[in-house]
Amino acid sequence: LTSTNSSQNRTLSFFLGGFPAWETTRMWFAVPLCLTYLLALLGNLAVLSIIRAEQSLHTPMYLLLAMLAVTDLGLSTSTFPTMLRVLWLEAREISFGTCLAQMFFIHSFADIESAVILAMAFDRYLAVCHPLRYSSILTNSVTTKICAAIVVRTTLVQLPLPILLTQVCFTRVIKLSHPYCLHPDIIKHAGSDTRINNTYGLFVLLSALGLDLLFVLLSYLLILKTILNIATWRERLKALNTCISHICAVLLFFIPMICLSVMHQFGKHVSPQAYVFTANLHFLAPLILNPVVYSLKTKPIQRRILRMFCQRGVHKSRVAIC
């Protein structure tokens, strides 16, 4: 029976969901979506190039920011191509194996982003609550080991999901809710027992994203307690200002994620438009806004960007004079 299911699933195709609210104007929606993808790529690549070029930014905080940018690049590359394919070409069919591969990468990069945000919360906790011990506790070597541990944890946790799905029987034409493959969206169309898949999927959600969010909140409770014990309002605002960029990253990632998880678990009568909007908000907003937020709120990155523009301006003026 298992071999029969596996051979059937290998020949199975899924049909990706579209954009219900824009079905009649999808070509017009494809242009801003393509621009969004380019902005996400350019923004995150700019952050990476600045951190690589500026020796003073080779510190734990910016190493974690670099990993966040790499994760956003991976997540955008995992989601945007099939979205654009649906919009430009109306090509909604995707093979079972390709769908599982996309699902694995999307969930893996989302888990990595969650863990990096937690590591950044730990970085802010040390910077605010233990500033004198910060440089001795969180070194570049320790940060590199944290990043490696995040990748290993994510791979070990996420790898069973596509393997378990190969053992599930799908007996009808399957139209997914989103223009990309997500585990909760695939599993609800199964034609056989999915208790193991559902249980493990819930375990992954709670053990990775759930615990990450819990520890992020705990970190900020400790940070808030420390800030409230500071004597003057000016010092409090200065300490809080160091966390603003990270707080924005937390809100951009976790709020849509929680809404999407609740919809998949309990929202049986949720409209397709709500599913698509929430999922796109979860996967697209952080990719574009994270580089913007960190560029606006991080002075070393601001200075580097201004220096780049000034150098280009001087170069152009010299060329014009010559």
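Glycine is no exception: its Cβ is also placed from the backbone N, Cα and C atoms.
Note: TrEMBL annotation is automatic and uncurated.
Since this is a predicted model, take the numbers as computed values, not measurements.
Annotated features in TrEMBL:
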TRANSMEM  27-51  transmembrane segment
DOMAIN    43-294  domain 'G-protein coupled receptors family 1 profile'
TRANSMEM  63-84  transmembrane segment
TRANSMEM  104-122  transmembrane segment
TRANSMEM  134-152  transmembrane segment
TRANSMEM  200-223  transmembrane segment
TRANSMEM  243-263  transmembrane segment
TRANSMEM  275-296  transmembrane segment
Practice problem: Sort out the residues at least 6 away from either end of the transmembrane segment (275-296), same chain, that have Cβ-Cβ distances under 8 Å to it, and list them. | Solution: 17, 19-21, 36, 39-40, 43-44, 46-47, 65, 68-69, 72, 75-76, 79, 106, 110, 113, 177-180, 182, 245, 248-249, 252-253, 256-257, 259-260, 263, 302, 305
Quiz item: Other than its close neighbours in sequence, what residues sit by the transmembrane segment (104-122), given a CB gap under 8 Å and a spacing of at least six beyond its ends?
Solution: 61, 64-65, 67-68, 71-72, 74-75, 78-79, 138, 143, 146-147, 150-151, 153-155, 157-159, 161-162, 180-183, 204, 208-209, 212-213, 215-216, 219-220, 246, 249-250, 253-254, 257, 283, 286
Self-check item: Averaged pLDDT score, the domain 'G-protein coupled receptors family 1 profile' (43-294)
Solution: 86
